[in-house]
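Note sheet for the following structure.
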Amino acid sequence: SQVSFEEESQNPPAVGHWKPLMPSKGDKEEPESGCQNAGDVDEPQSTEQLNVSRLRSSSVEIREKGSEFLRDELHKAQKELKLKDKECERLSKVREQLEQELEELTASLFEEAHKMVREANTKQAAAEKQLREARGKIDMLQAEVTALKTLVITSTPSSPNRELHPQLQSPSKAGFRKGHGRNKSTSSAMVSAASQNVAPEPVSRECKEVDSILFAEFQAWKESPTLDKSCSFLDRIYREDVGPCLDFTKQELSELVRVAVEQNTLTIEPVAPQTVPVGKVAAEECGGPKKCALSGLPRTCKHRIMLGDSGNYYYISPSCRARITAVCNFFTYIRYIQQGLVRQDVELMYWEVMRLRREMSLAKLGFYPSEM
């Protein structure tokens with residue numbers, strides 16, 4: 001019984017069983033049988049404990065692996081969340097930039113639209129002003145054409161109508177115009193030396209004979225009138241009459257005068273007898289009342305010329321004015337022929353051209369009316 005007690009004390013009791021420490025008196029063989037049963041019971045108990053410990057270790061391992069997996073997934077999710085935050089921040093910046101650019105573009109478009117509207121209004125106003133001015137010029141030109149037609153129909157070069165040509169009247173009847181009168185070459189060119197004589201010699205007393213070469217050149221030009229000096233008719237007149245008549249001492253100014261006469265932009269004005277104050281002189285005046293700007297000689301200058309719209313005035317002597325006026329008369333007449341305003345026989349037009357050429361030749365030689 002002592003041995004069995006020691007064995008029992010060495011082997012732990014099974015779970016759920018209770019063993020008495022002291023055996024009863026009537027049961028002597030029970031301890032042996034109890035020891036045998038205890039030995040049989042220890043084996044499943046140890047196996048069961050091993051299984052429990054294994055289960056516990058496996059559950060701990062599973063729990064650790066699960067927590068590690070969850071930590072990895074959490075790290076991945078955090079990384080993805082950070083990337084998405086960065087992407088959201090970048091997209092928000094892009095949106096702000098696009099909104100700013102859109103606002104700037106809208107503002108620039110509105111500003112450009114307002115600018116275009118202002119420019120369109122300005123151009124419309126300018127166009128309306130030009131239209132009104134053009135209509136006024138058209139009305140004025142129509143009136144001038146009507147007057148010129150009346151002049152050409154009722155007056156011929158051989159017998160001009162003095163009522164339609166006030167410049168042909170004698171100085172006592174016409175009177176001296178006060179102030180600064182401005183006449184374009186088309187209007188002032190109608191003054192000729194022969195027509196201003198008090199007692200002109202009748203044309204019927206002159207003996208005339210048509211030059212066949214000159215008449216043929218004039219007829220060829222009359223078929224298609226042009227101001228191009230390359231044609232034989234005008235080329236001859238340029239060489240023989242226009243060039244020598246406008247050849248003055250001041251070569252540079254002479255060339256400018258010739259161009260202005262050809263372009264019909266020459267203006268001749270009489271010089272007022274009173275002295276103009278220096279402060280009121282609006283343009284540069286070359287020469288002077290006592291010096292001719294074309295010849296450079298000391299002469300009494302009663303007229304001055306302006307070339308185009310330059311505003312520069314040049315004083316000219318009576319002789320230079322007669323030469324310029326003779327050339328202007330010629331160009332005015334051939335312009336009338338070119339525009340179809342002269343309705344006469346070809347021979348009569350030819351003799352009028354010859355008379356104008358004679359006036360240029362006389363003016364070149366220094367002959368001019370005393371009224372100039």
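Here the Cβ of each residue, glycine as well, is placed from N, Cα and C on the backbone.
According to TrEMBL, the features are:
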REGION    1-58  region 'Disordered'
COMPBIAS  46-58  compositional bias 'Polar residues'
DOMAIN    65-149  domain 'GDP/GTP exchange factor Sec2 N-terminal'
COILED    67-151  coiled coil
COMPBIAS  156-172  compositional bias 'Polar residues'
REGION    156-197  region 'Disordered'
COMPBIAS  184-197  compositional bias 'Polar residues'
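In the compositional bias 'Polar residues' (46-58), the DSSP tally of helix, strand and coil residues is 13 helix, 0 strand, 0 coil. Per-class residue totals from DSSP over the domain 'GDP/GTP exchange factor Sec2 N-terminal' (65-149), listed helix then strand then coil: 85 helix, 0 strand, 0 coil.
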